[in-house]
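Visitor: According to TrEMBL, the record shows the following:
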DOMAIN    289-333  domain 'DC1'
DOMAIN    343-391  domain 'DC1'
DOMAIN    428-478  domain 'DC1'
DOMAIN    487-537  domain 'DC1'
DOMAIN    548-594  domain 'DC1'
DOMAIN    603-654  domain 'DC1'
DOMAIN    675-715  domain 'DC1-like C-terminal'
């Protein structure tokens, strides 16, 4: 053990001894131990090289005290004072070249002063104490006051090139221009600057859109081109990002998203944030959690497989240990050891390698390299494993390392109701009355009866109905758990109900385009998180066996992925951009299409209608017509048809509506005005949509002020056009 470690160990023992309660018969033994510890500290301090310290006067006095203390061990001076003084010895011995004394040292000096007047011991030792205190105290008055930190002037950014996304590739295009605007000195001031800030909030860099640096000669300008040790082969150019598509690229150095202006190598398609360019990288690091030896920076862009994440990309620097053939990305060094993810019920821990076998990742469903690191479940009989990078995605992991933390109480699976008797329950959403189970599956279909949870009709099966009012729930909806962990969100979600029939325009489902006006939905209660899911979206999980595709589908989307749904041909424009994906072929299914019911009923037909995707009738030349609107149906698209005789065919929108999960009687605010959801009576007096000029064909209409609309799409289009012409 080195001197520093031994000193720390002894001081810890002294603290433990002084804090313990000692009985009278044990006092002599405690004093003996205390003096033994003091003697060992004196011995260690004596062995240190005191001549290198900045204050020789203090060191000389301490040396005298060491000698004197050693000679009076039989006299047993007061224990508390000896403890304070020897603690002071260790502090003074550790003083560096900084002019201001350590605050802990000055605190001890104050305590020593308070004990000197009450001490009856050797006068020579007391005199030495006084001299040390006086000399060390004078160090504070002799030191120069710390100069005030000057506010650094921000650096002017004047990029000459801009980066745009073209056909999925980043291209450096043209010079940065003022978009034809004439220079106006009124706008050439800090109020209109685009800025970069330090963590303290101060502005570090700025871009003046008015003059682009031409009128700011008093400021230092950032270099337009730099050479960086992490990218020595090519120069990096200062680039202004001119397309949102570039934002999903990450900084080569810090692995954070690139800001709106950065340094870029167009040859290697890699960029660095300005803060990273100005900071020199560490040439070597020591991280015993990942490797026992010191790791050296390897700045050359080359494909080497990382031993921690099993990826061979060169999107960030990596460090190597040549003797051990160990390689690790800089971004992988900070990976957590123990985590909990949204894709698995148990905690998973990092493992440097896997046992022999065919392992596949529980997130991306791809094969795992047994010789590289990843995460695995340690629960008995559980074989869940995941890639390092997959398990730590922002849509999977909440960012908390659980190493050394106790297991939290599992809240998933909380029962939503109390069973009163056979077939009778008290549901948390309708506590004022009891609900009775209706198991009559042969009843007539009534499309006006809507489940209060999912806001869809009771097409089939059992349901619970209130014994005193019209409240009804599908049996399946009544059993929805109060707490769930959904695969596309890292936080726990809570089942909530709409307290009123009002919603705000921001109350959109995070996975599909529909509003929350009524019904149940799952909500994240984490502070600052506004993630919500309709119960239809919240109860769809993986693997999804869907009629639109022959293979099972999985939620394999990574943050930033943007796929086009193979069924509706629309891009996922919602909060999550999540889709169900096929791992065997190129197929994606959005949540909107995944939540559409596969089997329904029609009020004018007794047969079950099945959602068709056109595969069964691809070779047919027969024309199909919608039973409701009497318009032609595309036989290769989606539509409902009779599963027995094919005698009834309907457009999806004509049967279930265009805007889903909205109950007649509900309302919300849009652009400051109330929008009411009204039932469409389907008579000859059906209201005419103010936007498309057609009679409203669906089950509900929307009324904003005195204007009627057939869909929220028409309403938004009309309102935005009115605002445009104001």
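Numbering starts at 1 and runs along the chain as displayed.
Just so it is clear, glycine is given a Cβ too, placed from its N, Cα and C backbone atoms.
For the listed features, I'd like the structural context: burial, neighbours, distances.
Guide: Within its own chain, the domain 'DC1' (289-333) is flanked in space by residues 229-233, 250, 252-253, 255, 268, 270, 281-283, 352, 368-369, 372-374, 387-389, which lie at least six positions past its ends and keep a Cβ under 8 Å from the stretch.
In terms of DSSP helix, strand and coil, the domain 'DC1' (343-391) has 4 helix, 12 strand, 33 coil.
Each residue in the domain 'DC1' (428-478) gets a DSSP state, and the totals come to 4 helix, 13 strand, 34 coil.
Secondary structure counts, DSSP: the domain 'DC1' (487-537) has 3 helix, 17 strand, 31 coil.
Counting residues per DSSP class in helix, strand and coil order gives 4 helix, 11 strand, 32 coil for the domain 'DC1' (548-594).
The average pLDDT the prediction assigns to the domain 'DC1' (603-654) is 82.
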Visitor: Using DSSP, what is the helix/strand/coil residue split across the domain 'DC1' (289-333)?
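Guide: DSSP composition of the domain 'DC1' (289-333): 3 helix, 12 strand, 30 coil.
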Visitor: Among the recorded stretches 343-391, 487-537, 548-594, 603-654, 675-715, which has the greatest number of Cβ pairs closer than 8 Å to the domain 'DC1' (428-478)?
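Guide: Ranking 343-391, 487-537, 548-594, 603-654, 675-715 by Cβ pairs under 8 Å to the domain 'DC1' (428-478) puts 487-537 first.
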Visitor: Take the C-beta pairs under 8 A between the domain 'DC1' (548-594) and each of 343-391, 487-537, 603-654, 675-715. Which stretch has the highest count?
Guide: 487-537
Visitor: Using DSSP, how many residues of the domain 'DC1-like C-terminal' (675-715) fall into helix, strand and coil, respectively?
Guide: 4 helix, 15 strand, 22 coil
